[in-house]
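Enquirer: Grabbed the feature section from TrEMBL, which reads as follows:
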REGION    52-72  region 'Disordered'
COMPBIAS  55-70  compositional bias 'Acidic residues'
DOMAIN    147-328  domain 'Malic enzyme N-terminal'
ACT_SITE  TYR170  active site, proton donor
BINDING   ARG223, ASN478, ASN522  (S)-malate binding site
ACT_SITE  LYS241  active site, proton acceptor
BINDING   GLU313, ASP314, ASP337  divalent metal cation binding site
DOMAIN    338-591  domain 'Malic enzyme NAD-binding'
Amino acid sequence: MSYQLISNCIRQLLEFLMLASSSSFKRINSLRQLLGVLGDKGERKSSLSVMAGNQDDDNAATDDDDDDDGQPFTPWNVSVASGHALLRSPQHNKGLAFSEKERDAHYLRGLLPPAVFTQELQEKRTLHLLRQYQVPLHRYIAMMDLQETNERLFYKLLIDNVDELLPVVYTPTVGEACQKYGSIYRRQQGLYISLKDKGKILEVLRNWPEKNIQVIVVTDGERILGLGDLGCQGMGIPVGKLSLYTALGGVRPSVCLPVTIDVGTKNEALLKDEFYIGLKQKRATGEEYNELLEEFMTAVKKNYGEKVLIQFEDFANHNAFELLSKYRSSHLVFNDDIQGTACVVLGGLLSALKLIGGTLSDHTFLFLGAGEAGTGIAELISLEILKKTKVTVEESRKKIWLVDSRGLIVSSRKDSLQHFKLPWAHDHAPVKGLLEAVKAIKPTILIGTSGVGKQFTKEVIEAMASINAKPLILALSNPTSQSECTAEEAYTWSQGHAIFASGSPFDPVMYDGKEFVPGQANNAYVFPGFGLGLIMCGAIRVHDEFLLMAAEALASQVTEEEYAKGIIYPPFKKIRKISAVIAAKVASRAYELGLASNLPRPKDLVKFAESCMYSPTYRHYR
């Protein structure tokens, strides 16, 4: 009896069993999987042949048509990926790039137009279409649609055009996307865990189709960029961050999991919005909130193991500090708002020393904003000073001053300060406003992390320029509308003397016949490479020295040619090389501290990091 006849007989038997007993699901599915492994030599190729050599994808599954008679049906997990199902799988779909041979082998004839495109031509066509959109949010939606239909083309487009498309898939456009997430929601892009799931979070995690998760980016949506509490609609942040993990750091998309924890929202407009996609209730706090987060952290470790990286994003200050402090000794955790921002800014400061002179300890720092970003940056600066000078922690902090909504943080205010502000309460007379603080402290470096726009006024910039030959101005608040000042204002008001960088991107500025190129202190410089370094060495905890190594690695990537143009951050076109260097430095320190579990240690960590990076080029299917 021929193989083909045997295969057909088994298929008919399976159909009979499906009609006879729904309780036979597990046995039938096992037989179906067996058929997929054997392969249907005369009919279709199995998913194993579809993904031969594709180490970063699990088996594909078909999408069944709706049952017209209204009867319940079982969404069978079939291991055959061909025809329409293949085109609907974003991990495997190549669109018009399927070759003639692939179209025959996988039953695609007639399902595609006859033309065969290269991936490069597809990229050129897609970029041309994107540029037709005048509204940034429309470009964002188009990019998200591409990610959900052709994953590899999405990442190749983003990698090859990172300067143009980074502001589209992340800041500043992602802020507007989160504000309107309920209206533009099309398809789930991550995992939603709400108060309704209390007691069942482990079960919810197991619903996610990918099992080998190495990076989780999680938010509770309470402090999205500078836009406030967006609740469940904050999902745009984890989705965007993980897109950058893959595009900029080379972490495989299949090991990335975006998570939003929905505990309600304080945003009255969202609670009244009929299109709001989250829980319509006031935000939970206290014990109820803590218990849900504890269950989540425990479930993640149980389901994915000790080495899964959990990155906290856009939690409110009080929760951000508490979660990082609580779990840093038991989990592999990283807070991008506190630690990632600090790394990027410290990298920019170390780089800027080539332009403004001196060592880090020679300068005086004044922050506008004393939240998680401001205090996180301040602490990392003090650790770097401590590392280089061997002074005490207390001494290293004395060069750093912070201004909050009530004025300069000084020792006479200690009784009313939150705990994370206490290290920065120095002896000084009370000072109310930022301008007065600049005149009193005489800083050489001014850093804005307030989340409130237009705070670096003309008077403030002029005061900085009168004190310093080359004042360093960092307006870090996002999105663009919340930036403390624009690049044009900084250069114009300082009469071209300022060294400027911001959180959101600004175009080059012409002043007095000279072009000034502002830097962007974007967290995307650090966290993708930082995460890659933790993954490739199998780190089990994040040590503060990893952050210092990442900042120093970033600063080392700025060239003399770039310094000549006043640039303190390297161009994003080199981001994968930058990420590999950061990953290598982080991994190296992890091995030295005994916090790495992947042994033996590779000889060349930079080359090893590059070899680990995901490639978005199409695979050839058999």
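In case you wondered, yes, glycine gets a Cβ from its N, Cα and C as well.
Automated prediction, rather than curation, is the source of TrEMBL annotations.
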Enquirer: Roughly how many Å separate the Cα of GLU313 (divalent metal cation binding site) from that of ARG223 ((S)-malate binding site), to the nearest whole number?
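Expert: Distance between the two Cα atoms comes out at 9 Å.
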Enquirer: Closest of the recorded positions to LYS241 (active site, proton acceptor), Cα to Cα, picking from TYR170, ARG223, ASP337, ASN478, ASN522?
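Expert: Closest candidate to LYS241 (active site, proton acceptor), judged by Cα separation, is TYR170.
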Enquirer: Whole-number Å only: compute the distance from the Cα of ASP337 (divalent metal cation binding site) to the Cα of ASN478 ((S)-malate binding site).
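Expert: A Cα-Cα distance of 12 Å.
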Enquirer: Using the centroid of the Cβ atoms of GLU313, ASP314, ASP337 as reference, list every other same-chain residue with Cβ within 8 Å of it (recorded divalent metal cation site), in sequence order.
Expert: THR219, ARG223, ILE224, ILE237, PHE312, PHE315, ALA320, ASN335, ASP336
Enquirer: Distance check, please: Cα of the residue listed as 'active site, proton donor' against Cα of ASP314 (divalent metal cation binding site), rounded to an integer number of angstrom.
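Expert: Each residue's Cα considered, the residue listed as 'active site, proton donor' and ASP314 (divalent metal cation binding site) end up 14 Å apart.
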Enquirer: Taking each of the binding-site residues ASN478, ASN522 in turn and counting other Cβ atoms within 10 Å of its Cβ, which one has the fewest?
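Expert: Minimum Cβ neighbour count within 10 Å, taken over the binding-site residues ASN478, ASN522, occurs at ASN478.
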Enquirer: Using Cα-Cα distances with a 10 Å cut-off, which of the binding-site residues ARG223, ASN478, ASN522 are near ASP314 (divalent metal cation binding site)?
Expert: ARG223
Enquirer: Among ASP314, ASP337, all listed as binding-site residues, which has the most CB atoms within 10 Å of its CB?
Expert: ASP314
Enquirer: Would you say which of the recorded positions ARG223, LYS241 has the most Cβ atoms within 10 Å of its own Cβ?
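Expert: The largest 10 Å Cβ neighbour count belongs to LYS241.
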Enquirer: Please give me the CB contact count at 10 A for the residue listed as 'active site, proton donor', counting all chains in the structure.
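Expert: For the residue listed as 'active site, proton donor', the 10 Å Cβ neighbour count is 26.
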Enquirer: Averaged over the whole of the domain 'Malic enzyme N-terminal' (147-328), what is the pLDDT?
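Expert: PLDDT averaged over the stretch: 95.
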